[in-house]
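Notes follow the structure.
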Amino acid sequence: MGVDLDLESISEATSGAIGSLLSTTILYPLDTCKSKFQAEIRVRGQQKYRYLSDVFWEAISSGNVLSLYQGLGTKNLQSFISSFIYFYSYSYFKRLHSQRIGSKSIGTKANLLIAAAAGACTSVLTQPLDTASSRMQTSEFGKSKGLWKTLTDGSWGNAFDGLGISLLLTSNPAIQYTVFDQLKQNLLEKGKAKSNKDSSPVVLSAFMAFVLGAVSKSAATVITYPAIRCKVMIQAADDSKENEAKKPRKRIRKTIPGVVYAIWKKEGILGFFKGLQAQILKTVLSSALLLMIKEKITATTWILILAIRTLFVTKARLKSP
């Protein structure tokens with residue numbers, strides 16, 4: 001049973017990580033524009049970016065279109081590792097809980113706690129990569145540094161900037177995946193009831209996976225958005241050192257109270273929701289694509305893993321006397 005548990009967890013983790021990698025790459029230019037737009041905080045009328053599209057046009061007008069992909073390698077690495085850890089932890093904890101209660105059906109509360117625990121493990125282990133990718137994205141176009149240089153610019157403690165908010169934001173994917181999983185189970189149960197028991201297993205269509213992913217992510221994003229923006233500002237690249245000679249300005253304290261005070265003072269209550277539309281667009285598309293791709297390749301991944309296990313078991317039997 002233990003072997004089956006590990007194999008199924010690895011299958012879930014692998015398919016989830018591949019889905020995350022592909023969705024991250026497809027939507028990366030939008031993510032870069034969104035991050036730079038969120039990171040800027042200035043008094044109304046003095047903003048460099050009034051609209052999200054201003055970031056995109058700046059890249060084009062300055063001849064740095066490829067800079068929309070600055071930090072893509074680090075982001076993909078962080079995305080793949082974090083998704084693998086998350087889906088492995090989520091699947092592993094979920095199956096352990098099922099074994100403990102003797103049922104495969106898990107309630108919403110238990111599912112939420114399991115997802116939050118998986119998210120917390122992921123945040124702690126991948127925070128330096130998350131910080132580095134945010135700094136690269138929010139750097140001036142054409143001036144992004146490499147991964148090692150970005151991480152070693154400050155102390156190693158700076159590599160964990162925003163960890164507190166990251167742990168708080170575990171409620172975001174926890175809500176999303178819980179809602180998605182519950183809706184998915186309901187749809188599959190209805191599909192099984194309509195189909196013949198001897199027929200092939202019912203699977204979620206790509207379109208329905210996309211819709212469920214979008215619905216489950218929207219509510220979580222709206223609720224947690226103020227924390228999301230604060231996190232981006234804490235992790236953003238500090239270009240003020242290079243720009244001090246041109247236009248001196250007081251730096252924002254890279255702490256939760258510091259960024260909250262800065263947003264409140266310069267932008268007011270609505271500042272906590274600056275870039276919300278872009279965040280919803282990006283996160284909904286990203287999550288929906290991730291889950292859609294994951295659902296479509298999970299079966300293939302599981303078959304490959306079973307084939308590999310069968311190969312090793314067969315070799316072991318041939319070697320044994």
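Every residue gets a Cβ built from N, Cα and C, even glycine.
Fair warning: this is a prediction, and the values are worked out from it, not measured in the lab.
Feature list (source: Swiss-Prot):
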type     : residues : note
REPEAT   : 7-96     : repeat 'Solcar 1'
TRANSMEM : 10-30    : transmembrane segment
TRANSMEM : 106-126  : transmembrane segment
REPEAT   : 106-186  : repeat 'Solcar 2'
TRANSMEM : 160-180  : transmembrane segment
TRANSMEM : 203-223  : transmembrane segment
REPEAT   : 204-300  : repeat 'Solcar 3'
TRANSMEM : 256-276  : transmembrane segment
TRANSMEM : 288-308  : transmembrane segment
Whole-number mean of pLDDT values that fall within the repeat 'Solcar 1' (7-96): 85
Residues in the repeat 'Solcar 2' (106-186) grouped by DSSP into helix, strand and remaining coil: 64 helix, 0 strand, 17 coil
DSSP residue counts for the repeat 'Solcar 3' (204-300), split into helix, strand and coil: 76 helix, 0 strand, 21 coil
